[in-house]
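Database features, via Swiss-Prot:
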ACT_SITE  E107  active site, proton acceptor
DOMAIN    113-342  domain 'Radical SAM core'
DISULFID  C120-C353  disulfide bond
BINDING   C127, C131, C134  [4Fe-4S] cluster binding site
BINDING   G177, E178, S210, S233, L234, H235, N310  S-adenosyl-L-methionine binding site
ACT_SITE  C353  active site, S-methylcysteine intermediate
Amino acid sequence: MTHTTPLLPLAPPINLVDLRYNELHNAITAFGEPPFRAKQIHEWLFSHHANSFAAMSSLPLRLREKLAERFTLQRPEVVEVQESCESGCLRPTRKILLKLSDGALIECVLIPAEERMTACLSSQAGCPMQCTFCATGTMGLQRNLSAGEIWEQLYALNGLALQEGKTITNVVFMGMGEPLLNTDNVLEAIATMSSRNYNLSLSQRKITISTVGIVPEIERLSRSGLKTKLAVSLHSARQEVRQQLMPIAAERYPLPLLSKSLEAYSKATGEAITIVYMMLNGVNDSKEDAHLLARYCRHFSCKINLIDYNPILTIRFGSVQESQKNEFQAYLMAQKFHVTVRKSYGASVNAACGQLVTQQQRRTIK
């Protein structure tokens, strides 16, 4: 009897947009092509936004054929655009739902202001951190996004901005996922969006990476030479309260350890860190909470950003009264901290801070 080895299924071709630049460079040189072709292809992908290999007209036909044999070229599909215009808004906040090449769904948000157009980008499909006030955490982690998929969000949002005669001026990594659990791809995307070779050419100082406090990666950023800004979701200077709100982040990186990394970051970069503090009624809004927050933040250069709780489906915290928030802010300012109260945009379409969760969680998209 003859036995045959079953054929293993072939791996699906790689989407060219998902390659990091060094991976693209290696693939091109493996084809026997000169290295400058990698730069040309990268510009076709991210500056000209080519949708096919045939469109890359400056490349030799033989190279385009090799690319088509080895790779696919798939762009995200815009599934839905929702708008929210709260009282007094000049322009609507807009949220885009994108479907990626493997079917994963992510959201990104365009936030307008008088002098700025801010793109709020996701770094992961879902999130593993399980913060109790955040809708994204209910999804769990599906996967990291590639640098190309991060860039595609910026491209899509800039298209909306261009409809109003504007362009993106600022980027915040405050969408779905924890950026510092996908640091390599986030940094690769930042390198592209801040490069002079590409259309937007954003200043790195206009880009903010927001984290729950992944200490080893904060230390990595402090050594990286990046000029981006850092925001840290703190939400309580009491370890036991922070563990209730952010169980994974607080347990892995307790407040004293996080403080040391922020102090080192501030000294290494000379930059003030933004401490993000979501005020929750009866949880972290007392005078003692304000006192502990001020004491905690004395160890590093920072500004404090107070934000309102935005309701999500799974857990109902209470919002803080305006008078209570004003007292909290006044105390911190009396302690010589720069304190701002962030205005929430997009709550009516679940686009505000902590509300991003793909529509797959609310209804099925066919």
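Along the chain as shown, residues are numbered 1 onward.
From the backbone N, Cα and C atoms, a Cβ is placed for every residue, glycine too.
The two recorded residues, S233 (S-adenosyl-L-methionine binding site) and C127 ([4Fe-4S] cluster binding site), show a Cα separation of 15 Å. Summarising model confidence by region, the domain 'Radical SAM core' (113-342) averages a pLDDT of 95. Rounded to a whole number, the distance between the Cα atoms of C120 (disulfide bond) and the residue listed as 'active site, proton acceptor' is 9 Å. Geometry remark: C134 ([4Fe-4S] cluster binding site) versus C120 (disulfide bond), CA distance 16 Å. Closest in space to S210 (S-adenosyl-L-methionine binding site), of the recorded positions given as C120, C127, C131, is C120, taking the CA atom of each residue. Nearest Cα neighbour of C120 (disulfide bond) among the listed binding-site residues (C127, C131, G177, L234, H235): G177. In terms of Cα spacing, the binding-site residues G177, L234, H235, N310 that come within 10 Å of C127 ([4Fe-4S] cluster binding site) are G177. Pairwise Cα distances among G177, E178, S210, S233, L234, H235, N310, the recorded S-adenosyl-L-methionine-binding residues, top out at 19 Å. In this view, the densest Cβ surroundings among the binding-site residues C134, L234 belong to L234, judged by other Cβ atoms lying within 10 Å.
Cβ neighbour count for C131 ([4Fe-4S] cluster binding site) (all protein chains, 10 Å cutoff from its Cβ): 22.
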